[in-house]
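Engineer: Among the features that TrEMBL reports, transmembrane segment is placed at A:27-44, A:50-69, A:76-95, A:101-123, A:130-148, A:183-200, A:236-259, A:271-296, A:316-335.
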Amino acid sequence: MFYREAGDFKTSYLQDGQTFPIRFDRYRYYAVLAFGFLVVPFIINDYWANAILLPFLIYAIAAVGLNILTGYCGQVSLGTGGFMAVGAYACYKLMTAFPEVSMFIHVILAGGVTALVGVLFGLPSLRIKGFYLAVATLAAQFFLVWLFNRVPWFYNYSASGQISAPERDVFGIILTGPNAPAWATYLFCLIFLTLAGLIARNLTRGTVGRSWMAIRDMDIAAEIIGVNPLKAKMTAFAVSSFFVGISGALFFSIYLGAVEVGEAFGIQKSFLVLFMVIIGGLGSIFGSFAGAAFLVVLPVVLKLLGVDLLGWPTDIVAHFQLVIVGALIIVFLVLEPHGIAQLWRVVKEKLRLWPFPH
Amino acid sequence: MKKKLTALALGAMLAAGPAMAELVVPSLSYRTGPYAANGIPFADGYADYFTLLNERDGGIGGEMIKIVECETGYNTEKGVECYEGTKGDSPMVYEPLSTGITYQLIPKVTADGIPMHTLGYGRTSAKNGAVFRNIFNYPANYWDGASVAIKHILDQEGGDLKGKKIALVYHNSAYGKEPIRTLEELAKKHGYELSLLPVDHPGQEQKSQWLQIRRERPDYVIMWGWGVMNQVAIQEAVNIRFPMDHFIGIWWSGSENDVLPAGDKADGYKALTFHNLGSDYPIYDDLKKYVVEGGKAAGAGDQLGTALYNRGMYAAMLAAEAIKTAQGLAGTSAITPAQMRDGMEALEITEEKMAGLGLPNFGPAFKVSCENHGGDGYAAVAQWDAKAGSWSLITDYMQSDQEVLAPLVEADSMAYAKENGITPGCN
């Protein structure tokens with residue numbers, strides 16, 4: 001009944017190649033966008049923004065970034081936390097050096113800086129693969145965190161070694177600092193997530209994306225048919241790091257406001273984003289969103305249910321949270337090793353035939 | 001799926017609407033994670049004191065106190081979630097027990113007009129209340145701690161530290177980096193040589209730092225540790241046979257949990273403190289009668305009398321006294337966070353007050369004012385007696401070197417004011 005192509009005729013190549021070829025899907029997508037942009041900003045409050053929506057949007061950008069590298073190009077990376085730190089510190093240095101420039105430009109430039117650093121640390125991927133590359137990116141993770149802890153220039157010689165975001169605005173609307181309204185911070189991150197999703201989706205459908213996937217599926221064969229591995233891998237590292245850098249910049253400036261590199265961008269952050277990508281679904285943009293939602297929203301919901309609704313002691317809820325999230329991860333991966341995105345595809349397939357499956 | 005979850009969350013939030021006619025005191029605690037060993041006794045002490053007031057006196061000024069506990073796991077992201085989740089209930093005061101979360105919350109509580117108390121942690125320059133209107137860090141701060149530690153070493157060495165070597169082993173975070181500036185200034189004044197040894201979160205791996213200490217043989221080691229890092233450091237010091245009475249921890253490195261794993265060898269280890277230790281106080285009779293026997297003790301109820309339990313209780317006592325002061329000033333018992341802030345700024349702790357509360361001689365007397373949100377910086381040195389299994393004060397309360405610290409506080413707070421466009425002022 002849902003998701004049917006029947007009666008949906010494509011009369012041009014453009015129509016045939018669109019992202020959502022099924023009409024129902026397309027309208028659902030527009031509805032979600034309209035809801036996100038036109039409804040949520042009016043009903044949002046500080047709690048929703050800072051506890052649920054901002055972390056979801058920001059982690060989704062990071063997951064899209066890592067999914068390009070790991071899911072589409074097949075290069076395993078454990079350096080996400082470090083690259084997010086590059087984005088955050090680049091954004092901080094830019095914000096303090098050029099206070100009059102718009103935050104949009106700072107965040108995009110921070111992404112650009114991270115892309116450069118990502119390419120630099122991506123160079124070893126030309127020689128090493130798989131687990132060994134994971135170890136090389138792990139080195140990037142530790143080196144970058146150490147660097148930002150060690151060199152006082154990065155944190156403007158502040159006594160505590162923390163960076164904290166001064167108040168900055170876009171077109172007169174305050175975006176960072178404690179006086180920023182919830183709707184503005186939400187919309188700012190939503191715009192970046194929408195752009196990231198659009199760019200990523202279209203890149204992965206084009207030449208660049210196909211060369212990434214060719215490298216992922218079999219790099220020697222890809223090289224023989226004329227895919228340049230240097231170009232494919234470096235573009236994957238650059239695009240991936242660009243998105244990860246943007247998410248790091250937003251994480252620091254919009255969401256937390258003050259950051260300590262070892263705590264905020266440590267190895268656990270790299271794992272968290274990697275788990276989002278794996279649970280959501282490797283090689284799927286929707287999967288990145290679903291994985292981020294799963295790992296950001298679920299703990300908060302469990303906490304609200306346990307502490308506020310049932311009145312259990314906080315430590316028991318915190319322990320249960322680990323147990324339940326862990327168990328759900330295992331259940332998901334056993335039932336559907338290709339992540340939530342595959343589950344969604346199966347559901348769509350079922351819905352198409354429903355209610356007459358034969 | 002996300003829609004379903006958010007709907008659930010919405011339901012949960014509606015069900016947990018704000019409570020009426022109670023004074024809400026949020027407790028951002030951590031009972032899980034690598035810092036839980038230290039977080040649990042503090043949270044228990046903080047909650048038990050308010051439970052005692054509710055059970056024995058019917059609250060403060062007739063208003064019951066409602067403790068809202070929120071688990072942060074010493075993690076700043078969860079700390080923000082806890083803050084956002086509780087700030088709507090007009091909370092009296094935040095006590096996050098984490099320097100990282102404190103830095104996170106300083107601008108937020110200032111914008112929202114809610115006071116925050118950081119008892120011996122957090123941002124030192126918050127002492128300057130003209131800049132940090134809503135932040136209080138009485139009765140002592142990290143720079144006081146660093147200065148008192150050096151004073152104690154001076155006493156030990158007969159007043160001369162020329163050519164002595166002092167090593168600082170610190171948690172590599174905003175918390176651990178706090179004393180560095182003071183120790184460097186004091187090194188200029190007293191002529192000792194300072195070496196810095198950072199330990200990364202969570203601090204279970206310290207072999208290389210202690211190898212370096214073994215090689216360099218510093219005369220004294222000062223430690224700024226927290227959680228599991230303390231236990232590991234004391235064990236490593238025992239392993240390299242470092243003389244324990246030359247090893248001085250900040251007050252956050254001086255709980256029973258930190259020294260017990262090293263057994264008898266930890267005997268003689270020193271730690272600073274800004275309040276008294278042990279359970280030999282009249283208030284403990286009341287705690288046993290009203291809280292423990294009534295089955296209302298927080299957590300497992302087995303932390304009474306430990307150093308950090310006492311500190312949590314002390315924090316709660318200071319908050320309760322500030323609430324009383326605020327109620328007196330406002331002329332109403334149902335005070336708002338803004339009135340609470342004024343109460344904290346007018347807080348005066350005297351010996352008589354503490355004796356009346358059942359805590360005679362428990363801490364230094366001090367008076368808060370707008371210019372001074374940080375007390376007078378008195379701290380004492382406690383030493384661990386492994387045989388008796390208890391801490392005992394071995395010095396009187398000493399005041400920190402205000403001559404060195406006052407300009408540092410002034411410079412740092414003014415830099416913050418400039419960065420954030422705050423006009424310092426007291427009205």
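Placed from the backbone N, Cα and C atoms, the Cβ positions cover glycine too.
Are these features on the surface or tucked inside, and what touches them?
Structural biologist: Sequence-distant contacts of the transmembrane segment (A:50-69) (same chain, at least 6 residues past either end, Cβ-Cβ under 8 Å): 40, 44, 75, 77, 80, 84, 182, 185-186, 189-190, 192-193, 196-197, 200, 203-204, 212, 236-237, 239-244, 246-248, 250-251, 254-255, 272-274, 276-277, 280, 282-285, 287-289, 291-293, 295-297, 300.
Proximity of distant same-chain residues to the transmembrane segment (A:130-148), defined by a Cβ-Cβ separation under 8 Å and at least 6 residues beyond the stretch ends, is recorded for 75-83, 85-86, 89, 117, 121, 124, 154-155, 261-262, 265-267, 270.
Away from its own ends, the transmembrane segment (A:236-259) comes close to residues 50, 54-55, 57-59, 61-62, 64-66, 68-69, 72-73, 75, 77, 80, 83-92, 95, 103, 106-108, 110-119, 121-122, 125, 162-165, 168, 175-178, 180, 185, 188-189, 192, 196, 200, 203, 212, 215, 265, 273 of its chain (Cβ-Cβ under 8 Å, at least six residues beyond either end).
Residues 275, 278-279, 294-295, 298-299, 302-303, 306-307, 343 of the same chain lie 6+ residues outside the transmembrane segment (A:316-335) yet bring a C-beta within less than 8 angstroms of a C-beta in it.
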Engineer: Could you tell me whether the transmembrane segment (A:183-200) and the transmembrane segment (A:76-95) have 3+ CB pairs under 8 A, leaving out pairs under 6 positions apart?
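Structural biologist: Answer no, regions not in contact.
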